Amino acid sequence: MRLLSFIYLVWLALLTGTPQVSATDNGKTSDVAWDKYSLSVKGERLFVFSGEFHYQRLPVPELWLDVFQKLRANGFNTISVYFFWSYHSASEDVFDFTTGAHDIQRLFDYAKQAGLYVIARAGPYCNAETSAGGFALWAANGQMGSERTSDEAYYKKWKPWILEVGKIIAANQITNGGPVILNQHENELQETTYDSNDTKVIYMEQVAKAFEEAGVVVPSSHNEKGMRTVSWSTDYKNVGGAVNVYGLDSYPGSLSCANPNSGFNLLRTYYQWFQNYSYTQPEYLAEFEGGWFQPWGGSFYDSCASELSPEFADVYYKNNIGSRVTLHNIYMTFGGTNWGHSAAPVVYTSYDYGSPLRETREIRDKLKQTKLLGLFTRVSKDLLKTYMEGNGTSYTSDDSIYTWALRNPDSDAGFYVVAHNTSSSREVTTFSLNITTSAGALTIPDIELDGRQSKIIVTDYSIGSESSLLYSSAEVLTYATLDVDVLVFYLNAGQKGAFVFKDAPADLKYQTYGNSNLSALETSQGTQYSYTQGEGVTAVKFSNGVLVYLLDKETAWNFFAPPTVSSPTVAPNEHILVFGPYLVRGASIKHDTVEIVGDNSNSTSIEIYTGDEHVKKVSWNGNLIDTRATAYGSLIGTVPGAEDIEISLPSLSSWKAQDTLPEISPDYDDSRWTICNKTTSVNSVAPLSLPVLYSGDYGYHTGTKIYRGRFDGQNATGANVTVQNGVAAGWAAWLNGAYVGGFSGDPDKVASWEVLKFNHSSLRSRDNVLTIITDYTGHDQNSQKPIGTQNPRGIMGATLIGGGNFTLWRIQGNAGGEKNIDPVRGPMNEGGLYGERMGWHLPGYQVPESALDSSPLEGVSGAEGRFYTTSFQLDLEEDLDVPIGLQLSAPAGTEAVVQIFMNGYQFGHYLPHIGPQSLFPFPPGVIYNRGQNSLAISMWALTDAGARLEQVELKAYAKYRSGFDFNRDWTYLQPGWKDRTEYA
């Protein structure tokens, strides 16, 4: 393989004369340019270390900054963001970009404030396991025609969206002082016909033109759906529709929640793929596995150890570095919550995703491990221009080790990425590595790899203005150019490391402070310093001024290099070094004080190196702490945690209950409901009976729908009913108030066909009423047959058995349908249960005296429904971040549909018979940490066995003393109850 690589390089040199390639731009702006090595922003090469974030899944704008600060602190310089059309458009030609969490200008402002670039992804189609893939639900009833093509019907629907959201994206481009550096066209749209007249090609041209019309000038991108097709690259069969920067999506883990030993098989073909299909462009992994979604009936994220492992981040992300990737987006980095009815049927309420940052905004070990790579790429400028020197198993003394060898053609810096050839191996292997350096060919002995570990070995690596490494078998975490050059290494505890300074004096003296003792060995290439990594922080001060920190991996997890600048790019002299806390959000130096803002769960020691001899004091979240100075120039102290604070959450009591299924009664007045009188549908899927009963045809798209069908006579013995509301969605039916059957939902079935059997004694000679109540788990994605996102929802067909026909059907759904009567929470928050339509879930609702004193623990004894409400007070300390959730459980065999509403937000869809989720977190802003909270639970039984819960309990996940303000006035996000009688 090394010989082949050499031949390739000779051929490349003959062909081009030089390995350098001048930067290319799109002709609209030179602020963002690219070549085959990397992206350049404002003339500076950038390693795009990006995390996927969906603001819709966290409907509290202030918390976007919380997440962004955590990403910035953990080495990210960019976020990738979907903009869901569905969230901003409740009805045709109506857009909301200003109300509550719909205000995306705040998203851009917070990203800029946090020091993050933005990759904008506005579709029109997004997927992201969101309902209808992000299409506006009003358009997903069939009226779009052939979606994701040049179909005129589709074009007329999506173009206004792109023009509106595009204007805001354009206003926030890097060219206008904003953070947007790339703009994605569409999403995972597979190009299968390379013909300029192909409908998809025309469509991609239309999307490009629409963004251009909106004023977007930054380079365009796209994300290939795995290595299945080759789509929209200027370097491969470009007949139109191609983007400027080609990207690839890859989820290669093949991990199993049930079996942590399965999967973990690396793909080592990214380099070849990009060389074949986008060779003039930098390698861009537009979505790379940060976790994986879980379906109804699957596993819950917290129990999926294989997806949560920091080893995954270590091995897989470094493999991408070895493949020459320089644009790297982790999907998801923060998943959030599918609150309301925003989920596609393939996922449940939680969209935690097993991501590095938990749904509760807590930092997982996976994020701590990811940080080690993020901080490394931030300072490793030579990594941004490399060629593939070679790869394979011949670089080491043990052929069980695979090596990527990258070389910078200008500086000759080398990057050797080593891992087990069998990536799932748990063997501990010691080997030597053959390297090429400015001092010639060398061999580094005694490199150790634990199972499922990878390392980046550097050669001729600059660590400051006057210092370089000839090589190091310890991994570089970061370096800083301060009063002296400061270098930070890390290794697993107990592993051996060695490094050699380049062109350093032979008689260097050093002093060690800590548990890792250094030894020096003179070689022909210089002095090799060797050590065995101990636990904690070890500092080594050399007589030439260089300061080296040696950290074990777990200590490195709690190391931060907070920038002293606000820009996403951070030079080695623009950050300081902090060891110890759970999180460092930011740092600044004012006179003789370094001011640090951060979070801590437990009291910890803290060490700060600023390189400023005038700094004598440390403040933590505004409070000075006692410190002592070390002999090598740092300050050490202790920062407080929250371990001594008792969190006492109230028990939930004083429940009130009301009937939320009054429509079961044949005497219920439905005269104001929508009459189902259509004999044709806008949908191309033909109904199984008439009139059309698709809910979307009548303007009801989300949540529970209720149908009431009337017929005369006593001849009917039953009814054939087919319902399609997404996998796991159940439904139930009542004839004249008597339960007659239904379907409890199945995670493997998108629709159900059931025969309802009527009891003759329940029939009346005139005006029989069949009431059908349906659950809903979302609109399908584009890939679901027959017509993707436009697959109908509701009753597909309903016919009587034994004679007679239905004489009238009426439907009721969410209050107001497409009117969006609660614009703050938006068009997907509510469904059509009576309690929802009446606003019983909203703050300020006054329960009537007629309400029952009953709790969800009592439940219902038959096929009934109840809406339970209570309130509780929280009074957490002001400087605490305490993620809080609601724990539910139900007796085995319970078949019911349960929803949780916290201060009006539907933040839990619980199906106890399907699962897996039973603990539902609420972010601050949805829940008041210091104030009054309104909690509502709707529950209806899917069978006549009834339903109840056996646990309804507030639960604290953890507690952190925080420098972020989580206790604000959230009133603007929680509009209260208003009379809704008209929607009865």
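Cβ coordinates come from backbone N, Cα and C, glycine included.
Under the heading active site, proton donor, Swiss-Prot lists Glu188, citing sequence analysis as support. Summarising the environment of Glu188 (active site, proton donor), the number of other Cβ atoms within 10 Å of its Cβ, over all protein chains shown, is 22.
Under the heading active site, nucleophile, Swiss-Prot lists Glu287. All protein chains included, Glu287 (active site, nucleophile) registers 25 other Cβ atoms within 10 Å of its own Cβ.
Annotation comment: Swiss-Prot describes Tyr82, Asn127, Ala128, Glu129, Asn187, Tyr251, Tyr353 as substrate binding site. The Cβ of Tyr82 (substrate binding site) has His54, Gln56, Arg121, Ala122, Gly123, Cys126, Ala128, Thr130, Gly134 as same-chain neighbours under 8 Å, each 6 or more residues away in sequence.
When Cβ atoms from all protein chains are considered, those within 10 Å of Cys304 (disulfide bond) total 21, not counting its own. Residues annotated as disulfide bond in Swiss-Prot: Cys257-Cys304.
Counting every protein chain shown, the number of other Cβ atoms lying within 10 Å of the Cβ of Asn197 (N-linked glycosylation site) is 10. Marked as N-linked glycosylation site by Swiss-Prot on the basis of sequence analysis: Asn197 (among others).
All chains included, 13 other C-beta atoms sit within 10 angstroms of the C-beta of Asn276 (N-linked glycosylation site). Marked as N-linked glycosylation site by Swiss-Prot: Asn276 (among others).
Marked as N-linked glycosylation site by Swiss-Prot on the basis of sequence analysis: Asn391 (among others). Look at Asn391 (N-linked glycosylation site): DSSP puts it in a strand. Of all the Cβ atoms in the protein chains shown, 22 others lie within 10 Å of the Cβ of Asn391 (N-linked glycosylation site).
Annotated N-linked glycosylation site per Swiss-Prot: Asn421 (among others), in sequence order. Cβ neighbour count for Asn421 (N-linked glycosylation site) (all protein chains, 10 Å cutoff from its Cβ): 18.
According to Swiss-Prot, the N-linked glycosylation site annotation covers Asn434 (among others), on the basis of sequence analysis. Mapped onto three states, the DSSP output places Asn434 (N-linked glycosylation site) in strand. Within 10 Å of the C-beta atom of Asn434 (N-linked glycosylation site) sit 16 other C-beta atoms, taking all shown protein chains into account.
Residues or ranges marked as N-linked glycosylation site in Swiss-Prot (evidence: sequence analysis): Asn517 (among others). DSSP assigns Asn517 (N-linked glycosylation site) to coil in the three-state reduction, outside any helix or strand. Around the Cβ of Asn517 (N-linked glycosylation site), the same chain contributes Tyr531, Thr532, Gly534, each under 8 angstroms and 6 or more positions distant in sequence.
All protein chains shown were included, and the count of other CB atoms within 10 Å of the CB of Asn602 (N-linked glycosylation site) stands at 15. The N-linked glycosylation site annotation in Swiss-Prot covers Asn602 (among others) and is backed by sequence analysis.
Cβ contacts within 10 Å of Asn677 (N-linked glycosylation site), excluding its own Cβ and spanning all protein chains shown: 12. A coil conformation is recorded for Asn677 (N-linked glycosylation site) in the three-state DSSP classification, outside any helix or strand. The N-linked glycosylation site annotation in Swiss-Prot covers Asn677 (among others), and the record cites sequence analysis as its basis.
According to Swiss-Prot, the N-linked glycosylation site annotation covers Asn715 (among others), on the basis of sequence analysis. If you take the C-beta of Asn715 (N-linked glycosylation site) and look for same-chain residues 6 or more apart in sequence within under 8 angstroms, you find Gly802, Gly803, Gly804.
Taken from Swiss-Prot, the feature N-linked glycosylation site applies to Asn720 (among others), supported by sequence analysis. DSSP classifies Asn720 (N-linked glycosylation site) as strand under the three-state reduction. Within 10 Å of the C-beta of Asn720 (N-linked glycosylation site) there are 15 other C-beta atoms, taking all protein chains into account.
For the recorded site, Asn759 (N-linked glycosylation site), the DSSP three-state label reads coil. There are 12 other CB atoms within 10 A of the CB of Asn759 (N-linked glycosylation site), with all protein chains counted. As annotated by Swiss-Prot, N-linked glycosylation site applies to Asn759 (among others).
Here Swiss-Prot flags Asn805 (among others) as N-linked glycosylation site, drawing on sequence analysis. In sequence order, Phe711, Thr799 make up the list of same-chain residues 6 or more apart from Asn805 (N-linked glycosylation site) whose Cβ falls under 8 Å from its Cβ.
Rounded to a whole number, the distance between the Cα atoms of Asn602 (N-linked glycosylation site) and Asn187 (substrate binding site) is 43 Å.
Other Cβ atoms within 10 Å of the Cβ of Tyr251 (substrate binding site) number 15 in total over all chains. It is Asn187 that, of the binding-site residues Asn127, Asn187, has its Cβ surrounded by the most other Cβ atoms within 10 Å. Under 8 Å, Cβ to Cβ, and six or more positions away along its own chain, Glu129 (substrate binding site) finds Phe293, Asn338, Ala343, Ala344, Val346, Val347, Tyr351, Gln781. Using a 10 Å Cα-Cα cut-off around Glu188 (active site, proton donor), the recorded positions Asn127, Tyr251, Cys304, Asn434, Asn602, Asn759 reduce to Asn127. In this structure, the recorded positions Ala128, Cys257 were compared by how many other Cβ atoms lie within 10 Å of their Cβ, and the smallest count belongs to Cys257.
Looking at Asn421 (N-linked glycosylation site) and Asn602 (N-linked glycosylation site), their Cα atoms lie 39 Å from each other. Cα distances from Cys257 (disulfide bond) to the recorded positions Asn127, Tyr251, Glu287, Tyr353 are smallest for Tyr353. The full span of the recorded substrate binding residues, Tyr82, Asn127, Ala128, Glu129, Asn187, Tyr251, Tyr353, taken as their largest Cα to Cα distance, is 19 Å.
DSSP assigns Asn276 (N-linked glycosylation site) to a helix. Sequence-distant contacts of Tyr353 (substrate binding site), defined as residues of its own chain at least six apart whose C-beta falls under 8 angstroms from its C-beta, comprise Gly290, Gly291, Trp292, Phe293, Tyr301, Met332, Gly335.
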